[in-house]
Amino acid sequence: MSITAQSVYRDTGNFFRNQFMTILLVSLLCAFITVVLGHVFSPSDAQLAQLNDGVPVSGSSGLFDLVQNMSPEQQQILLQASAASTFSGLIGNAILAGGVILIIQLVSAGQRVSALRAIGASAPILPKLFILIFLTTLLVQIGIMLVVVPGIIMAILLAPAPVMLVQDKMGVFASMRSSMRLTWANMRLVAPAVLSWLLAKTLLLLFASSFAALTPEIGAVLANTLSNLISAVLLIYLFRLYMLIRQ
């Protein structure tokens, strides 16, 4: 059977519309979890204020130079802030991926589904999803730091891995290997969707500061919710595509 991107886009749009409220609630809940965890593990406002003390920002030629000019205490605060942001984001993304994929599975099985039921049902696979998303994010970031293009290629090749991990109950590394093979053989169907996702995420990041006009916390929840909705659309597309390829 010939698979066209247009037919998968249409199926994705129909599913997203039919399950919009459930997906929205999952996205909102994951955004709230991300923001709360980030706030809990981040340094205090007083500690963050110390980052500006005695650091010659204007005289620094780059990020590494700026960090080197910091005191050991300031470097520790920066590391804690970065780790808190990364950890909370990974937790939120793992719950989102598990919740959305379980929504698709439950709906496909003809069962009634709610946001809490989907997230609860995904609990057993969340540890593996967390490790998978951590490794994927690490590889993509390393690739982007090198020449950008390798990072984008890794993002494309590993995009279906969460779907394969949950749907076929694979291990972390097995799902990564299978994802690379499947994507390489179907690059024309996977690459445009992932590139569109990356573009949408980038545009959202550019306008994220405007959400802070409300309050920083509410703005962060709204921005994360929109980001999660974008990721949910990609997950639905990849799940549908994977099911068609397997037939």
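Keep in mind that glycine also has a Cβ here, set from the backbone N, Cα and C atoms.
What Swiss-Prot says about this protein:
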- 20-40: transmembrane segment (TRANSMEM)
- 87-107: transmembrane segment (TRANSMEM)
- 118-140: transmembrane segment (TRANSMEM)
- 152-172: transmembrane segment (TRANSMEM)
- 187-209: transmembrane segment (TRANSMEM)
- 225-245: transmembrane segment (TRANSMEM)
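Using a Cβ-Cβ cut-off under 8 Å and counting only residues 6 or more beyond its ends in the same chain, the transmembrane segment (20-40) has close neighbours at 84-85, 87-89, 91-93, 95-96, 99-100, 103, 113-115, 118-119, 217, 220-225, 227-229, 232. Beyond the ends of the transmembrane segment (225-245), by six or more residues, the same chain brings 1, 3, 8-9, 11-12, 15-16, 23-24, 26-28, 30-31, 92-93, 96-97, 100-101, 104, 159-160, 162-164, 167, 182, 186, 189-190, 193-194, 197, 200-201, 204 to within a C-beta distance below 8 angstroms of the stretch.
Sequence-remote contacts of a segment are chain residues at least 6 beyond its ends whose Cβ falls under 8 Å from one of its Cβ atoms, and for the transmembrane segment (187-209) they are 3, 5, 8, 152, 155-156, 159-160, 219, 223, 226-227, 230-231, 233-234, 237-238, 241.
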